[in-house]
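Novice: To start, I am sharing the structure in question, which I have written as structure tokens.
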Amino acid sequence: MSPKTETKASVGFKAGVKDYRLTYYTPEYQTKDTDILAAFRVTPQPGVPAEEAGAAVAAESSTGTWTTVWTDGLTSLDRYKGRCYDIEPVPGEENQFIAYVAYPLDLFEEGSVTNLFTSIVGNVFGFKALRALRLEDLRIPPAYSKTFQGPPHGIQVERDKLNKYGRPLLGCTIKPKLGLSAKNYGRAVYECLRGGLDFTKDDENVNSQPFMRWRDRFVFCAEAINKAQAETGEIKGHYLNATAGTCEEMIKRAVFARELGVPIVMHDYLTGGFTANTSLAHYCRDNGLLLHIHRAMHAVIDRQRNHGMHFRVLAKALRMSGGDHIHAGTVVGKLEGERDVTLGFVDLLRDDFIEKDRSRGIYFTQDWVSMPGVMPVASGGIHVWHMPALTEIFGDDSVLQFGGGTLGHPWGNAPGAVANRVALEACVQARNEGRDLAREGNEVIREASKWSPELAAACEIWKEIKFEFDVIDRL
């Protein structure tokens with residue numbers, strides 16, 4: 001950029017354009033405990049130096065603009081500006097690097113993911129000096145995270161509400177996702193819950209369409225839950241999708257769900273938006289509802305390796321905005337997810353304190369202090385043969401969700417649920433006895449299928465089903 005000019009109060013205002021690195025590249029800066037830290041993967045245009053590109057990211061996501069303005073003299077840029085404090089090359093990439101940026105806490109509204117993202121991943125992603133830009137990770141300091149309510153209830157409170165301990169929870173998305181009448185939909189919910197599942201689920205795009213209005217679906221699903229609970233003696237639930245075109249309509253649906261006495265509602269947090277999601281999370285805590293979160297649209301944001309935002313950032317944002325469950329990939333199913341990377345953001349969802357670990361894509365140590373954890377949901381192209389791997393990978397504090405892997409059972413919905421419950425109980429028992437599920441998992445399933453005809457039928461129909469594609473998002 002040229003020409004270069006500097007604005008100094010002692011000599012008055014000088015108009016013009018200056019290099020961002022003169023103000024926003026500060027390698028000597030020592031980060032503060034209260035700073036929000038960001039790691040950006042930067043691919044600059046040819047000829048743009050790394051220091052200038054990193055400084056441009058810091059400037060355009062905080063106080064900077066393209067030219068010197070006289071109102072700079074009315075405030076303290078040193079207090080409010082973002083700072084690119086470190087740059088490191090990306091191994092194996094010729095013109096790409098990680099730029100570390102520190103933001104002072106005063107730049108952000110308390111308790112607002114919306115404001116946080118508007119600044120950090122706003123206009124800067126369209127900046128012409130950059131060919132591509134990806135936000136890899138954020139460090140949220142306790143001074144900021146404590147301004148958020150976080151999940152409505154969290155993992156331990158959910159287990160206490162359900163009275164279910166020592167194993168993953170089992171779920172199922174009702175299929176076909178669109179086209180069923182409310183009564184037939186409720187029938188499928190009942191059959192799956194009666195067969196042994198803990199939860200059933202609205203698919204993400206089930207809202208209130210002409211073939212099934214939301215109120216009818218809520219009523220028939222509540223009836224199915226009550227009937228299944230009475231027959232099994234277990235607490236059951238169905239994720240009633242409250243996502244709507246307006247926040248007011250969304251809250252109206254959540255209120256009706258509470259009046260029906262169901263334990264959980266659902267929200268599509270990316271398509272619905274963070275403001276709506278935080279509002280719903282507050283309502284759920286105040287009214288005793290669990291909140292299941294679907295991440296529909298995430299791959300538009302996080303799938304490309306060089307541009308967008310990694311899902312670990314969206315996961316952290318969800319923990320602050322509020323949700324008791326969130327879909328997190330499967331590692332073994334039909335949806336994207338490398339094992340180490342997936343387990344990295346699963347820990348960021350569940351644990352209180354997570355150490356920096358670049359081998360898992362965790363760029364910063366994260367301390368959530370007392371914020372409740374979020375239960376990861378494994379869903380998408382999974383079936384009974386995946387149960388040992390899922391149990392071993394995700395552990396007890398997770399939801400394993402089989403849609404087609406339940407309703408695709410050759411004998412019907414209830415036998416499909418039975419097959420999954422038997423497979424899960426067998427895997428948990430084998431693990432508790434000290435068996436290695438990673439090595440002996442298939443044998444555990446075969447042994448269990450000898451005394452469960454439902455599981456045997458499921459094993460037979462899905463024995464050849466695999467989703468073997470290369471993972472796009474690698475470290």
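Using N, Cα and C of the backbone, Cβ positions are placed for all residues, glycine too.
Sharing the feature lines straight out of Swiss-Prot:
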MOD_RES   Pro3  N-acetylproline
MOD_RES   Lys14  N6,N6,N6-trimethyllysine
BINDING   Asn123, Thr173, Lys177, Arg295, His327, Ser379  substrate binding site
ACT_SITE  Lys175  active site, proton acceptor
MOD_RES   Lys201  N6-carboxylysine
BINDING   Lys201, Asp203, Glu204  Mg(2+) binding site
ACT_SITE  His294  active site, proton acceptor
SITE      Lys334  site 'Transition state stabilizer'
Novice: How long is the line from the C-alpha of Glu204 (Mg(2+) binding site) to the C-alpha of Asn123 (substrate binding site), rounded to the nearest angstrom?
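Specialist: For Glu204 (Mg(2+) binding site) versus Asn123 (substrate binding site), the Cα atoms are 29 Å apart.
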Novice: Which chain-mates of Thr173 (substrate binding site) that are at least 6 residues away have a CB under 8 A from its CB, listed by sequence?
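Specialist: Residues satisfying the criterion: Thr200, Lys201, Asp202, Asp203, Ser379, Gln401, Gly403.
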Novice: Let me make sure I understand the span of the substrate site: among Asn123, Thr173, Lys177, Arg295, His327, Ser379, what is the greatest distance between any two Cα atoms, in Å?
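Specialist: That value is 37 Å for the farthest Cα pair.
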Novice: Can you check what DSSP calls Asn123 (substrate binding site), collapsed to helix, strand or coil?
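Specialist: Asn123 (substrate binding site) sits in a helix per DSSP.
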Novice: In sequence order, which same-chain residues at least six apart have a C-beta under 8 angstroms from His294 (active site, proton acceptor)?
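Specialist: Once residues fewer than 6 apart are set aside, His294 (active site, proton acceptor) is near Glu204, Asn241, Met266, His267, Asp268, Tyr269, Ile326, His327.
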Novice: List, in sequence order, the same-chain residues at least six positions removed whose CB sits under 8 Å from that of Arg295 (substrate binding site)?
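Specialist: Expected: Asp268, Tyr269, Leu270, Phe311, Leu314, Leu318, Ile326, His327.
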Novice: Provide the three-state secondary structure of Lys175 (active site, proton acceptor) computed with DSSP.
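Specialist: Its secondary structure by DSSP: coil.
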Novice: Name the residue among the recorded positions Lys175, Lys201, His327 whose Cβ has the smallest number of other Cβ atoms within 10 Å.
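Specialist: Lowest Cβ count within 10 Å among the recorded positions (Lys175, Lys201, His327) is Lys175.
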Novice: Could you tell me which of these binding-site residues, Asn123, Ser379, has the greatest number of Cβ atoms within 10 Å of its own Cβ?
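Specialist: That would be Ser379, with the highest Cβ count within 10 Å.
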Novice: Just the number: how many Å between the Cα atoms of Asn123 (substrate binding site) and Lys175 (active site, proton acceptor)?
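Specialist: That comes out at 39 Å between the alpha carbons.
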Novice: Compile a sequence-ordered list of residues in the same chain as Lys177 (substrate binding site), six or more apart from it, whose Cβ lies below 8 A from its Cβ; state 'none' when nothing qualifies.
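Specialist: Asp203, Asn205, Val206 - these are the non-local Cβ neighbours of Lys177 (substrate binding site), listed in sequence order.
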Novice: Within 8 Å of the centroid of the Cβ atoms of Lys201, Asp203, Glu204, which other residues of that chain place their own Cβ, given that this set defines the recorded Mg(2+) site?
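Specialist: The surrounding set, listed in chain order, is Thr173, Ile174, Lys177, Asp202, Asn205, Val206, Tyr239, Asn241, Met266, His294.
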